[in-house]
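Report on one structure; see the data block that follows.
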Amino acid sequence: MSEIFDVNAAIYPFPARPVPLDTNEKAFYREKIKTLLKQRDAVLVAHYYTDPEIQALAEETGGCVADSLEMARFGNNHPASTLLVAGVRFMGETAKILNPEKKVLMPTLNAECSLDLGCPVDEFTAFCDSHPDRTVVVYANTSAAVKAKADWVVTSSIAVELIEHLDSLGEKIIWAPDRHLGSYVQKKSGADVLCWQGACIVHDEFKTQALARMKALYPDAAVLVHPESPQAVVDMADAVGSTSQLIQAAKTLPQKTLIVATDRGIFYKMQQACPDKELFEAPTAGEGATCRSCAHCPWMAMNGLRAIAEGLEQGGGMHEIHVDEELRQQALIPLNRMLDFANQLKLQVKGNA
């Protein structure tokens, strides 16, 4: 696999951690959110990586907890006129692309994603223009503007199948933005993949030596790894997959102890799926290294109860997602192409992001 344009050196400033709420404040905001959801004809859709109390509230109020694409599709099928998306900004954009007639609000428009930040549209356009013979495949974790430049949008659970399909047609691929997922897909498919060099700041921190030491402490444990992790970590896995695939693996694997290499937000739904199993976070530091994310996306952490209440209450420019209509139409083409491909394969598209 060819690899150029290394953006790995970028250090993204993390947002300030939300001020913790006490028990009374949490109860106050939960009730306020429930009231505002009814008043605004809104539904709360939360990503697997948000904090457990947010996921619980989404389920309690008739919303959903899912990956970014399923969040958008749930919103499309739900009768509510407003979607409150608890996640990061590209997830709100995806919801708006697929639901243009609905108002899409977010707790904050400043919730970024290192994969999105690491693939700016102008640089990516120039990169694609310099390789006009290649089919452009971008991960769901990208801006609407980058999606609009792509031939295909893809989620992690369908990535290998799609690249195998394109390879069978003799097509050469540009893959963006995650280099680890790109490497994984190339290794599984054998396709000619030219990979953009972005990375998820959470998954990029998982360490092989520290994981090996943890595995030695729990020799009977199964290791579950998201493919946005480094290849050496993926090679240690008993199961590799997207968020929904890892939850399914946790249910079906015979081991009662699981070491999980993805954002710890997934533990809420994973523990629901297998309450009899013991879950451990895979280590993100060791051998003299320190972690920055420490297995939890700092931008996902911005989706607190107070911020959700403010998003519903204030709406407007500080919270509403807007996507230019021409751009939306362009981004919708590769998204629909992926959905059609998945339906043909009779796959349920459940990605990460």
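Backbone N, Cα and C atoms are what each Cβ position is placed from, and that goes for glycine too.
Taken residue by residue with DSSP, HIS226 (iminosuccinate binding site) is part of neither helix nor strand, so it is coil. Summarising the annotation, Swiss-Prot assigns iminosuccinate binding site to HIS47, SER68, TYR139, ALA140, ASN141, SER156, HIS226, PRO227, GLU228, THR243.
Cβ neighbour count for CYS113 ([4Fe-4S] cluster binding site) (all protein chains, 10 Å cutoff from its Cβ): 26. Sequence annotations record features per position, and here Swiss-Prot assigns [4Fe-4S] cluster binding site to CYS113, CYS200, CYS297 based on sequence analysis.
The Cα of GLU228 (iminosuccinate binding site) lies closest to that of CYS200, out of the binding-site residues CYS113, CYS200, CYS297. In this structure the alpha carbons, written CA, of HIS47 (iminosuccinate binding site) and CYS297 ([4Fe-4S] cluster binding site) are 12 Å apart.
Between the farthest pair of Cα atoms in the iminosuccinate binding residues (HIS47, SER68, TYR139, ALA140, ASN141, SER156, HIS226, PRO227, GLU228, THR243), the distance is 18 Å. The number of other Cβ atoms within 10 Å of the Cβ belonging to CYS200 ([4Fe-4S] cluster binding site), over all protein chains shown, comes to 27.
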